[in-house]
(Lines of atoms letter the chains of each structure in order from A and count residues from 1; the text may use other names and numbers.)
(Lines give C-alpha, C1' and ligand atoms only; values in the text may rest on other atoms or scores of the structure.)
Protein backbone atom coordinates (compact mmCIF):
# COMPACT_ATOMS: atom_id res chain seq x y z
CA UNK A 1 0.00 0.00 0.00
CA UNK A 2 1.41 3.36 -0.98
CA UNK A 3 -1.20 6.01 -0.15
CA UNK A 4 -3.94 6.80 2.33
CA UNK A 5 -6.75 6.08 -0.14
CA UNK A 6 -5.73 2.42 -0.15
CA UNK A 7 -5.54 2.41 3.64
CA UNK A 8 -8.99 3.96 3.97
CA UNK A 9 -10.46 1.59 1.40
CA UNK A 10 -9.14 -1.41 3.30
CA UNK A 11 -10.41 0.03 6.57
CA UNK A 12 -13.86 0.45 5.05
CA UNK A 13 -13.85 -3.09 3.64
CA UNK A 14 -12.82 -4.60 6.99
CA UNK A 15 -14.81 -2.29 9.27
CA UNK A 16 -11.69 -0.79 10.86
CA UNK A 17 -12.20 2.38 12.91
CA UNK A 18 -9.00 2.77 14.93
CA UNK A 19 -5.42 2.80 13.66
CA UNK A 20 -2.52 2.30 16.05
CA UNK A 21 0.56 4.33 15.18
CA UNK A 22 3.39 2.11 16.41
CA UNK A 23 6.93 3.16 17.22
CA UNK A 24 9.69 1.99 19.53
CA UNK A 25 11.90 4.14 21.74
CA UNK A 26 15.52 3.50 22.74
CA UNK A 27 14.13 1.50 25.69
CA UNK A 28 12.99 -1.19 23.24
CA UNK A 29 9.41 -0.97 24.54
CA UNK A 30 6.78 -0.66 21.80
CA UNK A 31 4.64 2.48 22.05
CA UNK A 32 1.53 3.66 20.22
CA UNK A 33 -0.78 6.58 19.59
CA UNK A 34 -4.19 5.78 18.10
CA UNK A 35 -6.17 7.79 15.56
CA UNK A 36 -9.63 7.36 14.14
CA UNK A 37 -9.68 6.33 10.50
CA UNK A 38 -11.16 9.73 9.65
CA UNK A 39 -7.84 11.28 10.75
CA UNK A 40 -5.55 9.09 8.66
CA UNK A 41 -4.98 11.70 5.92
CA UNK A 42 -3.97 14.34 8.45
CA UNK A 43 -1.77 11.88 10.35
CA UNK A 44 0.16 10.85 7.24
CA UNK A 45 0.42 14.36 5.81
CA UNK A 46 1.20 16.32 8.98
CA UNK A 47 1.97 13.78 11.67
CA UNK A 48 0.65 13.44 15.21
CA UNK A 49 2.19 15.57 17.94
CA UNK A 50 4.53 13.72 20.30
CA UNK A 51 6.60 14.98 23.22
CA UNK A 52 10.35 14.72 22.69
CA UNK A 53 10.83 13.50 26.24
CA UNK A 54 9.25 10.11 25.47
CA UNK A 55 12.52 9.09 23.81
CA UNK A 56 14.47 9.18 27.08
CA UNK A 57 12.08 7.17 29.25
CA UNK A 58 13.43 3.74 30.13
CA UNK A 59 11.47 0.48 30.24
CA UNK A 60 10.02 1.42 33.63
CA UNK A 61 8.81 4.82 32.33
CA UNK A 62 11.49 6.58 34.38
CA UNK A 63 13.96 9.17 33.18
CA UNK A 64 16.96 11.04 34.46
CA UNK A 65 15.81 14.43 35.80
CA UNK A 66 18.88 15.96 34.18
CA UNK A 67 17.83 14.56 30.81
CA UNK A 68 18.63 16.18 27.48
CA UNK A 69 14.84 16.43 26.95
CA UNK A 70 12.21 17.80 29.32
CA UNK A 71 8.62 19.02 29.25
CA UNK A 72 9.36 21.51 26.47
CA UNK A 73 9.75 20.22 22.92
CA UNK A 74 7.59 18.38 20.41
CA UNK A 75 8.03 16.29 17.29
CA UNK A 76 5.65 14.61 14.86
CA UNK A 77 4.84 10.91 14.72
CA UNK A 78 4.49 10.18 10.99
CA UNK A 79 2.88 6.88 9.96
CA UNK A 80 4.15 5.06 6.89
CA UNK A 81 1.07 4.00 4.88
CA UNK A 82 3.03 1.22 3.17
CA UNK A 83 3.21 -0.56 6.54
CA UNK A 84 -0.56 -0.61 7.16
CA UNK A 85 -1.96 -3.89 8.46
CA UNK A 86 -5.34 -4.86 9.86
CA UNK A 87 -4.88 -6.30 13.35
CA UNK A 88 -6.71 -9.64 13.42
CA UNK A 89 -6.44 -9.86 17.21
CA UNK A 90 -7.93 -6.40 17.90
CA UNK A 91 -11.54 -5.71 16.98
CA UNK A 92 -11.93 -3.01 14.29
CA UNK A 93 -8.28 -1.98 14.57
CA UNK A 94 -5.30 -1.60 12.25
CA UNK A 95 -1.71 -0.44 12.63
CA UNK A 96 1.03 1.48 10.85
CA UNK A 97 4.72 1.78 11.73
CA UNK A 98 5.98 5.32 12.15
CA UNK A 99 8.95 7.58 11.62
CA UNK A 100 9.44 10.61 13.84
CA UNK A 101 10.04 14.00 12.23
CA UNK A 102 10.82 17.48 13.47
CA UNK A 103 8.19 20.21 13.33
CA UNK A 104 9.89 21.31 10.08
CA UNK A 105 9.20 17.90 8.54
CA UNK A 106 12.80 16.66 8.62
CA UNK A 107 13.81 13.23 9.99
CA UNK A 108 14.42 13.59 13.72
CA UNK A 109 17.97 12.67 14.66
CA UNK A 110 16.70 10.69 17.67
CA UNK A 111 14.39 8.43 15.61
CA UNK A 112 15.77 4.91 15.27
CA UNK A 113 13.61 3.90 12.28
CA UNK A 114 14.73 6.88 10.21
CA UNK A 115 18.33 6.19 11.24
CA UNK A 116 18.17 2.58 10.01
CA UNK A 117 16.75 3.83 6.70
CA UNK A 118 19.75 6.15 6.40
CA UNK A 119 22.23 3.35 7.15
CA UNK A 120 20.62 1.11 4.51
CA UNK A 121 20.69 3.93 1.95
CA UNK A 122 24.41 4.40 2.57
CA UNK A 123 25.03 0.67 2.10
CA UNK A 124 23.00 0.58 -1.12
CA UNK A 125 25.08 3.48 -2.43
CA UNK A 126 28.08 1.17 -1.99
CA UNK A 127 26.32 -1.62 -3.88
CA UNK A 128 25.27 -3.63 -0.81
CA UNK A 129 21.68 -4.34 0.17
CA UNK A 130 21.07 -6.18 3.47
CA UNK A 131 18.75 -9.15 3.72
CA UNK A 132 17.72 -9.86 7.30
CA UNK A 133 15.59 -12.41 9.15
CA UNK A 134 14.78 -12.70 12.84
CA UNK A 135 14.35 -15.90 14.86
CA UNK A 136 12.23 -14.89 17.85
CA UNK A 137 12.07 -16.98 21.02
CA UNK A 138 9.44 -16.43 23.70
CA UNK A 139 7.88 -18.17 26.70
CA UNK A 140 4.20 -18.91 27.26
CA UNK A 141 2.93 -19.25 30.81
CA UNK A 142 -0.24 -18.79 32.82
CA UNK A 143 -1.09 -17.96 36.42
CA UNK A 144 -3.50 -19.75 38.73
CA UNK A 145 -5.91 -17.99 41.06
CA UNK A 146 -3.17 -17.41 43.61
CA UNK A 147 -0.87 -15.84 41.04
CA UNK A 148 1.41 -18.89 40.90
CA UNK A 149 3.09 -19.30 37.52
CA UNK A 150 2.30 -22.38 35.44
CA UNK A 151 4.80 -22.82 32.61
CA UNK A 152 2.90 -25.55 30.84
CA UNK A 153 4.58 -28.46 29.17
CA UNK A 154 7.79 -29.99 30.52
CA UNK A 155 8.57 -32.17 27.50
CA UNK A 156 11.35 -30.07 25.98
CA UNK A 157 12.62 -29.00 22.57
CA UNK A 158 11.07 -30.34 19.37
CA UNK A 159 8.90 -32.84 21.26
CA UNK A 160 5.48 -33.50 19.77
CA UNK A 161 4.11 -33.46 23.31
CA UNK A 162 5.12 -29.82 23.56
CA UNK A 163 3.56 -29.09 20.17
CA UNK A 164 0.29 -30.73 21.20
CA UNK A 165 0.10 -28.84 24.48
CA UNK A 166 0.06 -25.37 22.93
CA UNK A 167 -1.16 -26.20 19.43
CA UNK A 168 -4.23 -23.99 19.50
CA UNK A 169 -2.41 -20.95 20.87
CA UNK A 170 0.46 -21.27 18.38
CA UNK A 171 -1.96 -21.83 15.50
CA UNK A 172 -3.83 -18.67 16.44
CA UNK A 173 -0.55 -16.74 16.61
CA UNK A 174 0.58 -18.03 13.20
CA UNK A 175 -2.82 -17.28 11.67
CA UNK A 176 -2.67 -13.72 13.00
CA UNK A 177 0.86 -13.21 11.67
CA UNK A 178 -0.09 -14.48 8.21
CA UNK A 179 -3.18 -12.28 8.18
CA UNK A 180 -0.79 -9.32 8.48
CA UNK A 181 1.32 -10.53 5.56
CA UNK A 182 4.17 -11.73 7.78
CA UNK A 183 6.12 -14.56 6.18
CA UNK A 184 6.21 -17.33 8.80
CA UNK A 185 8.82 -19.94 7.87
CA UNK A 186 9.12 -22.26 10.87
CA UNK A 187 7.95 -22.91 14.39
CA UNK A 188 9.12 -25.30 17.10
CA UNK A 189 9.10 -25.66 20.89
CA UNK A 190 12.43 -24.96 22.51
CA UNK A 191 14.64 -26.14 25.38
CA UNK A 192 12.72 -25.10 28.49
CA UNK A 193 9.10 -25.40 29.65
CA UNK A 194 6.78 -23.18 27.65
CA UNK A 195 9.51 -21.85 25.34
CA UNK A 196 8.81 -21.47 21.61
CA UNK A 197 10.50 -20.08 18.50
CA UNK A 198 9.03 -18.55 15.35
CA UNK A 199 11.22 -17.86 12.32
CA UNK A 200 10.18 -15.30 9.71
CA UNK A 201 11.42 -14.69 6.17
CA UNK A 202 14.28 -12.54 4.85
CA UNK A 203 13.61 -8.91 3.94
CA UNK A 204 15.41 -5.59 3.85
CA UNK A 205 16.59 -4.53 7.27
CA UNK A 206 13.78 -2.00 7.63
CA UNK A 207 11.07 -4.47 6.61
CA UNK A 208 12.47 -7.17 8.89
CA UNK A 209 12.60 -4.79 11.86
CA UNK A 210 9.04 -3.59 11.18
CA UNK A 211 7.77 -7.17 11.03
CA UNK A 212 9.66 -8.06 14.19
CA UNK A 213 7.77 -5.38 16.13
CA UNK A 214 4.48 -6.59 14.67
CA UNK A 215 5.38 -10.16 15.66
CA UNK A 216 6.10 -9.14 19.24
CA UNK A 217 2.77 -7.32 19.48
CA UNK A 218 0.91 -10.21 17.89
CA UNK A 219 2.39 -12.95 20.07
CA UNK A 220 1.61 -11.10 23.29
CA UNK A 221 -1.91 -10.10 22.21
CA UNK A 222 -3.01 -13.47 20.83
CA UNK A 223 -1.47 -15.41 23.72
CA UNK A 224 -3.48 -13.31 26.16
CA UNK A 225 -6.68 -14.13 24.30
CA UNK A 226 -5.83 -17.83 24.67
CA UNK A 227 -5.28 -17.57 28.41
CA UNK A 228 -1.49 -17.27 28.37
CA UNK A 229 0.99 -14.55 29.08
CA UNK A 230 3.82 -14.34 26.56
CA UNK A 231 7.21 -12.91 27.46
CA UNK A 232 10.24 -12.29 25.27
CA UNK A 233 12.45 -11.52 28.27
CA UNK A 234 15.91 -13.12 27.81
CA UNK A 235 15.91 -14.84 31.22
CA UNK A 236 12.31 -14.86 32.48
CA UNK A 237 12.79 -17.76 34.89
CA UNK A 238 15.62 -19.48 36.75
CA UNK A 239 16.03 -21.94 33.88
CA UNK A 240 15.79 -21.37 30.15
CA UNK A 241 16.45 -18.29 28.04
CA UNK A 242 14.89 -16.42 25.11
CA UNK A 243 17.04 -15.02 22.33
CA UNK A 244 16.56 -13.37 18.98
CA UNK A 245 19.03 -14.66 16.41
CA UNK A 246 19.57 -12.22 13.55
CA UNK A 247 20.40 -13.70 10.13
CA UNK A 248 22.20 -11.34 7.75
CA UNK A 249 23.52 -11.39 4.21
CA UNK A 250 24.47 -8.59 1.79
CA UNK A 251 23.28 -8.56 -1.81
CA UNK A 252 24.02 -6.79 -5.08
CA UNK A 253 21.79 -8.73 -7.41
CA UNK A 254 23.56 -11.82 -6.06
CA UNK A 255 24.49 -12.89 -2.55
CA UNK A 256 27.78 -11.19 -1.72
CA UNK A 257 28.32 -13.56 1.22
CA UNK A 258 28.63 -16.57 -1.12
CA UNK A 259 31.78 -17.43 -3.06
CA UNK A 260 30.65 -19.43 -6.14
CA UNK A 261 34.22 -20.41 -6.98
CA UNK A 262 34.74 -22.29 -3.74
CA UNK A 263 31.19 -22.96 -2.56
CA UNK A 264 32.11 -21.20 0.66
CA UNK A 265 31.48 -17.90 2.40
CA UNK A 266 33.09 -15.04 0.52
CA UNK A 267 35.85 -12.65 1.46
CA UNK A 268 33.14 -10.01 1.97
CA UNK A 269 31.39 -12.26 4.49
CA UNK A 270 34.65 -12.90 6.34
CA UNK A 271 35.38 -9.19 6.52
CA UNK A 272 31.85 -8.54 7.78
CA UNK A 273 32.31 -11.22 10.46
CA UNK A 274 35.64 -9.68 11.46
CA UNK A 275 34.05 -6.26 11.84
CA UNK A 276 31.24 -7.55 14.04
CA UNK A 277 33.71 -9.44 16.24
CA UNK A 278 35.95 -6.38 16.48
CA UNK A 279 33.07 -4.21 17.70
CA UNK A 280 31.18 -6.97 19.56
CA UNK A 281 31.31 -5.55 23.11
CA UNK A 282 29.82 -2.25 21.90
CA UNK A 283 27.31 -3.91 19.56
CA UNK A 284 26.00 -5.91 22.52
CA UNK A 285 24.92 -2.70 24.23
CA UNK A 286 22.43 -2.34 21.34
CA UNK A 287 21.42 -5.98 20.79
CA UNK A 288 21.38 -7.11 24.44
CA UNK A 289 20.26 -3.88 26.07
CA UNK A 290 18.80 -4.83 29.45
CA UNK A 291 20.33 -6.01 32.69
CA UNK A 292 18.45 -9.28 32.23
CA UNK A 293 20.12 -9.84 28.83
CA UNK A 294 23.40 -10.79 30.48
CA UNK A 295 21.82 -13.63 32.43
CA UNK A 296 21.33 -15.24 29.02
CA UNK A 297 24.76 -14.50 27.53
CA UNK A 298 26.53 -17.13 29.58
CA UNK A 299 28.68 -20.12 28.61
CA UNK A 300 26.78 -23.33 27.82
CA UNK A 301 23.46 -21.53 27.49
CA UNK A 302 23.17 -22.12 23.73
CA UNK A 303 23.55 -18.38 23.27
CA UNK A 304 27.06 -16.96 23.32
CA UNK A 305 29.55 -16.46 26.08
CA UNK A 306 32.64 -15.67 24.03
CA UNK A 307 33.61 -13.47 21.09
CA UNK A 308 34.26 -15.96 18.30
CA UNK A 309 32.72 -17.41 15.16
CA UNK A 310 32.36 -20.87 13.75
CA UNK A 311 30.66 -23.13 11.26
CA UNK A 312 27.48 -24.63 12.73
CA UNK A 313 28.63 -23.59 16.23
CA UNK A 314 25.73 -22.66 18.51
CA UNK A 315 28.02 -21.48 21.30
CA UNK A 316 29.76 -18.93 19.05
CA UNK A 317 28.68 -15.31 18.86
CA UNK A 318 28.47 -15.67 15.07
CA UNK A 319 27.38 -18.98 13.57
CA UNK A 320 27.65 -19.74 9.87
CA UNK A 321 24.69 -22.08 9.31
CA UNK A 322 24.74 -24.86 6.76
CA UNK A 323 23.23 -23.48 3.53
CA UNK A 324 20.30 -25.24 1.92
CA UNK A 325 21.54 -28.00 -0.37
CA UNK A 326 21.19 -26.94 -3.99
CA UNK A 327 20.42 -23.35 -2.95
CA UNK A 328 23.79 -22.39 -1.51
CA UNK A 329 23.97 -19.12 -3.46
CA UNK A 330 20.65 -17.96 -2.01
CA UNK A 331 20.89 -19.27 1.55
CA UNK A 332 24.47 -18.57 2.65
CA UNK A 333 24.35 -16.13 5.56
CA UNK A 334 25.65 -15.45 9.03
CA UNK A 335 23.66 -15.74 12.24
CA UNK A 336 24.34 -13.30 15.08
CA UNK A 337 23.42 -15.00 18.36
CA UNK A 338 24.09 -12.16 20.79
CA UNK A 339 20.71 -10.44 20.43
CA UNK A 340 17.43 -10.69 22.29
CA UNK A 341 13.93 -9.30 21.96
CA UNK A 342 14.34 -6.49 24.49
CA UNK A 343 16.35 -4.66 21.83
CA UNK A 344 15.02 -1.90 19.65
CA UNK A 345 15.42 -3.85 16.38
CA UNK A 346 16.27 -0.77 14.32
CA UNK A 347 19.14 0.07 16.66
CA UNK A 348 20.33 -3.52 16.83
CA UNK A 349 20.54 -3.68 13.04
CA UNK A 350 22.31 -0.33 12.84
CA UNK A 351 24.95 -1.71 15.20
CA UNK A 352 25.40 -4.97 13.30
CA UNK A 353 25.48 -3.39 9.86
CA UNK A 354 27.82 -0.59 10.88
CA UNK A 355 30.23 -2.99 12.58
CA UNK A 356 30.19 -5.40 9.64
CA UNK A 357 30.60 -2.62 7.10
CA UNK A 358 33.58 -1.30 9.04
CA UNK A 359 35.16 -4.72 8.71
CA UNK A 360 34.59 -4.63 4.94
CA UNK A 361 35.99 -1.11 4.57
CA UNK A 362 39.08 -1.94 6.63
CA UNK A 363 39.43 -5.34 4.94
CA UNK A 364 39.71 -7.06 8.30
CA UNK A 365 40.53 -10.75 8.54
CA UNK A 366 38.61 -12.76 11.12
CA UNK A 367 40.39 -15.18 13.45
CA UNK A 368 40.21 -18.87 12.68
CA UNK A 369 36.72 -20.34 13.10
CA UNK A 370 36.11 -22.22 16.33
CA UNK A 371 34.92 -25.79 15.82
CA UNK A 372 34.28 -26.67 19.48
CA UNK A 373 32.38 -25.19 22.38
CA UNK A 374 34.76 -22.42 23.51
CA UNK A 375 33.95 -23.41 27.10
CA UNK A 376 35.82 -26.67 26.47
CA UNK A 377 39.06 -24.81 25.76
CA UNK A 378 41.48 -23.87 28.49
CA UNK A 379 42.16 -20.21 29.25
CA UNK A 380 45.51 -20.56 27.50
CA UNK A 381 43.89 -22.09 24.40
CA UNK A 382 41.30 -19.32 24.24
CA UNK A 383 44.01 -16.68 24.59
CA UNK A 384 46.03 -18.30 21.81
CA UNK A 385 42.98 -18.23 19.52
CA UNK A 386 42.11 -14.63 20.44
CA UNK A 387 38.82 -15.66 22.07
CA UNK A 388 37.64 -13.14 24.65
CA UNK A 389 34.70 -13.18 27.02
CA UNK A 390 31.66 -11.12 26.10
CA UNK A 391 30.72 -8.28 28.44
CA UNK A 392 29.16 -9.81 31.52
CA UNK A 393 26.95 -6.86 32.46
CA UNK A 394 25.07 -4.10 30.71
CA UNK A 395 27.42 -1.66 32.41
CA UNK A 396 30.44 -3.26 30.72
CA UNK A 397 28.73 -3.19 27.32
CA UNK A 398 27.82 0.48 27.74
CA UNK A 399 31.43 1.26 28.65
CA UNK A 400 32.46 -0.28 25.31
CA UNK A 401 29.72 1.55 23.40
CA UNK A 402 30.59 4.96 24.80
CA UNK A 403 34.13 4.76 23.40
CA UNK A 404 33.13 3.29 20.01
CA UNK A 405 33.36 5.97 17.32
CA UNK A 406 32.08 3.72 14.51
CA UNK A 407 28.76 3.13 16.26
CA UNK A 408 28.53 6.75 17.42
CA UNK A 409 28.84 7.86 13.80
CA UNK A 410 26.33 5.24 12.60
CA UNK A 411 23.68 6.28 15.13
CA UNK A 412 24.51 9.96 14.98
CA UNK A 413 25.46 11.93 18.10
CA UNK A 414 21.92 12.81 19.22
CA UNK A 415 20.51 9.28 19.02
CA UNK A 416 23.72 7.86 20.46
CA UNK A 417 23.64 10.16 23.49
CA UNK A 418 19.91 9.63 24.08
CA UNK A 419 20.37 5.87 23.94
CA UNK A 420 23.28 5.87 26.38
CA UNK A 421 21.28 8.10 28.74
CA UNK A 422 18.32 5.69 28.73
CA UNK A 423 20.46 2.61 29.26
CA UNK A 424 22.65 4.18 31.92
CA UNK A 425 19.46 4.99 33.80
CA UNK A 426 18.30 1.38 33.38
CA UNK A 427 21.65 0.14 34.71
CA UNK A 428 21.49 2.55 37.67
CA UNK A 429 18.00 1.33 38.61
CA UNK A 430 19.26 -2.25 38.61
CA UNK A 431 22.20 -1.51 40.86
CA UNK A 432 19.79 0.07 43.34
CA UNK A 433 17.15 -2.70 43.34
CA UNK A 434 16.70 -6.44 43.74
CA UNK A 435 17.17 -8.63 40.69
CA UNK A 436 14.00 -10.65 41.34
CA UNK A 437 11.92 -7.46 41.38
CA UNK A 438 13.47 -6.36 38.10
CA UNK A 439 12.76 -9.68 36.43
CA UNK A 440 9.12 -9.72 37.53
CA UNK A 441 8.52 -6.25 36.08
CA UNK A 442 10.50 -6.82 32.87
CA UNK A 443 8.74 -10.14 32.25
CA UNK A 444 5.49 -8.20 31.86
CA UNK A 445 6.99 -5.34 29.82
CA UNK A 446 8.73 -7.51 27.22
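Backbone N, Cα and C define each Cβ position, glycine as well.
Pulled from Swiss-Prot:
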DOMAIN    14-105  domain 'GS beta-grasp'
DOMAIN    112-446  domain 'GS catalytic'
BINDING   135, 245, 335  Mg(2+) 1 binding site
BINDING   137, 190, 197  Mg(2+) 2 binding site
BINDING   249, 314, 319  ATP binding site
BINDING   296, 314, 337  L-glutamate binding site
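Taking the features listed in Swiss-Prot, we show where each one sits on the structure.
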{"residue": "135", "record": "Mg(2+) 1 binding site", "contacts (Cβ under 8 Å, 6+ apart)": "197, 198, 199, 243, 244, 245, 246, 247, 335"}
{"residue": "137", "record": "Mg(2+) 2 binding site", "contacts (Cβ under 8 Å, 6+ apart)": "190, 195, 196, 197, 232, 241, 242, 243, 244, 341"}
{"residue": "249", "record": "ATP binding site", "contacts (Cβ under 8 Å, 6+ apart)": "130, 131, 202, 255, 256, 257, 269, 332, 333, 334"}
{"residue": "296", "record": "L-glutamate binding site", "contacts (Cβ under 8 Å, 6+ apart)": "234, 235, 241, 242, 243, 288, 303, 340"}
{"residue": "314", "record": "ATP binding site", "contacts (Cβ under 8 Å, 6+ apart)": "302, 337"}
{"residue": "319", "record": "ATP binding site", "contacts (Cβ under 8 Å, 6+ apart)": "309, 310, 311, 312, 313, 334, 335, 337"}
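Under the DSSP three-state reduction, residue 314 (ATP binding site) is assigned to coil, being neither helix nor strand. Per-class residue totals from DSSP over the domain 'GS beta-grasp' (14-105), listed helix then strand then coil: 18 helix, 35 strand, 39 coil. Summed and averaged per residue, pLDDT over the domain 'GS catalytic' (112-446) gives 94. Cβ proximity to the Mg(2+) 2 site centre (mean Cβ of 137, 190, 197, cutoff 8 Å) flags the following additional same-chain residues: 135, 136, 138, 188, 189, 191, 195, 196, 198, 242, 243. DSSP gives residue 135 (Mg(2+) 1 binding site) a strand state.
Spanning the listed L-glutamate site, residues 296, 314, 337 have a farthest Cα to Cα distance of 14 Å. Around residue 245 (Mg(2+) 1 binding site), taking its Cβ as the centre, 22 other Cβ atoms fall within 10 Å, counting all chains. For the recorded L-glutamate site, residues 296, 314, 337 set the reference point as the centre of their Cβ atoms, and the other residues of that chain within 8 Å of it by Cβ are 241, 243, 245, 297, 301, 302, 303, 304, 315, 338. Here the Cβ of residue 197 (Mg(2+) 2 binding site) has 19 other Cβ atoms within 10 Å, regardless of which shown protein chain they belong to. With 249, 314, 319 listed as the residues that bind ATP, the site has a largest C-alpha separation of 18 Å.
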